[in-house]
Amino acid sequence: MFSVLKKLGWFFKAYWLRYTIAIVLLLAVNVIEMFPPKLLGNAIDDMKAGAFTAEGLLFYIGIFFVLTAAVYIMSYFWMHQLFGGANLMEKILRTKLMGHLLTMSPPFYEKNRTGDLMARGTNDLQAVSLTTGFGILTLVDSTMFMMTIFLTMGFLISWKLTFAAIIPLPVMAIAISLYGSKIHERFTEAQNAFGALNDRVLESVSGVRVIRAYVQETNDVRRFNEMTADVYQKNMKVAFIDSLFEPTVKLLVGASYLIGLGYGAFLVFRNELTLGELVSFNVYLGMMIWPMFAIGELINVMQRGNASLDRVNETLSYETDVTDPKQPADLKEPGDIVFSHVSFTYPSSTSDNLQDISFTVRKGQTVGIAGKTGSGKTTIIKQLLRQYPPGEGSITFSGVPIQQIPLDRLRGWIGYVPQDHLLFSRTVKENILYGKQDATDKEVQQAIAEAHFEKDLHMLPSGLETMVGEKGVALSGGQKQRISIARALMANPEILILDDSLSAVDAKTEAAIIKNIRENRKGKTTFILTHRLSAVEHADLILVMDGGVIAERGTHQELLANNGWYREQYERQQLFTAEEGGAGA
């Protein structure tokens, strides 16, 4: 049960002073709270003996006031230190988790659902935070407060009566221990189910347009209801165990009261105890109700926190597949890029996705990569970006193996515009500035012009300050593509990669963007992956991919002379463009 505290030992060591202050003040409050019941018993005995005076009354009132003020002040400070520490721990763990997620490679996200990761960063961290706040409170308060009360009752009143009154406690300890083991297991299942539900909601909200387009609202709601019912059932199993704690504690506390009153009255009749001492004893016994309940809550909180921390640590313990070199090469800028006999297989694939890929790109050249869907075009780029562990063969920059180049430096050279154009829920300007945070307005306008976005920009309601919505939902596909291109151009990268990034624009706009890139990126390397071959006519080298291998290679003219797939596809596209132009006329 307490293994969660051991797992969080690094935090308690780092912030030992905060928790030491909290615990010392909490213990001091516990000791101070022992005095009022004893004073009450003394006052009753004074009244019974006829020795109670006005001065005595004022004395008791004064003592009560001082003790109450001391408890109030110390309680404020221990609560501030203790619960402030819990919030701090949650902040540190959440920051650590987020930083870890940002270093993960694609295989990690292929194995883990986004909704479940969100649940680990919210619900699970809250459960762990509760452990370092309320959990520590109940641990210290329930054990030390109960021990203080126990010793006070024994030394100041009667050890005989004290031992008799705590006879039910071992039974309670056994019962609560059994409940705790069940809580850990069932709470883990409930959190896993909640993570799956969270992921389902995320998918439904982000894909609501597709759901409506295919009239699947009813089916989606049905699946959601099934998952909600599953979460409900698992939480009810947790609640069932939760509901056993309080009745168990109440039953055993009642037994303690019964023993205390019955046996205490017997001792009073035998003159082994005064009436005032019996009253004080029962007040102390009443004060033990909180720590007894707290023990039940302690088991509950600790087991929940332990289950949640295990889920968080499971994510944090996942090591990225792609790491920085231990001895990085001192390469300031990329030169020639050489792929030499590169083969690669995705972790989830059963066959090679790239086979014996070899080609050389001189610095400043433009490379076009064409081919059917799934032919391996994007896989080549993922190897260039080091998104996956390397396969066979080698990739070098200026003769330096790609594995010897620090990831930040490598990706800092590259401006990548992927197939799925992700825009952030910010303004158009903020999305473009993502490529260069300190860019001037002139640089922003230049990037917009190069991406051929000026005309569309004037049509937006607030121009550059227009909010694009979640993932750019307020924009058309072509607009999202051009903002993504402008964002990449803003960084003026040494290597620009356009991964089918012109598919949503017309041929005229595509030609204008390609023209701007050629004019403004002289001396810098560009990769263009496309299905529309007009986008790569000007390329210095064109690779035609088919089934993970290079089926054809050469310039535009050389490939036309080959009478292969490239020529057939090019002539078909030219005919289609001519027919479109004729229809438009």
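Placement of Cβ uses the backbone N, Cα and C atoms for every residue, glycine included.
Annotated range for transmembrane segment in Swiss-Prot, selecting from 127-147, 484-504: 127-147.
Thr378 (ATP binding site) has a Cβ environment of 19 other Cβ atoms inside 10 Å. According to DSSP, Ser375 (ATP binding site) sits in a coil region rather than a helix or strand.
Stretch with the largest number of CB pairs closer than 8 A to the transmembrane segment (149-169), among 57-77, 249-269, 279-299: 249-269.
Residue density at Ser375 (ATP binding site): 20 other Cβ atoms are found within 10 A of its Cβ, drawing on all protein chains shown.
In sequence order, Thr379, Met545, Asp546 are the same-chain residues whose CB sits within 8 A of the CB centroid of Gly371, Lys372, Thr373, Gly374, Ser375, Gly376, Lys377, Thr378, the residues recorded for ATP being left out. Taking a C-beta cut-off of under 8 angstroms and a sequence separation of 6 or more, Lys377 (ATP binding site) has the following same-chain neighbours: Ile369, Ala370, Gly371, Asp499, Asp500, Leu529, Met545. Around the Cβ of Gly371 (ATP binding site), 24 further Cβ atoms fall within 10 Å across all displayed protein chains.
Through the fold, the transmembrane segment (127-147) approaches residues 4-5, 8, 11, 19, 22-23, 26-27, 30, 33, 82-83, 85-87, 89-90, 93, 191, 287-288, 290-292, 294-295, 297-298, 301-302, 304-309, 312 of its own chain, all at least 6 residues removed from its boundaries and within a Cβ separation under 8 Å.
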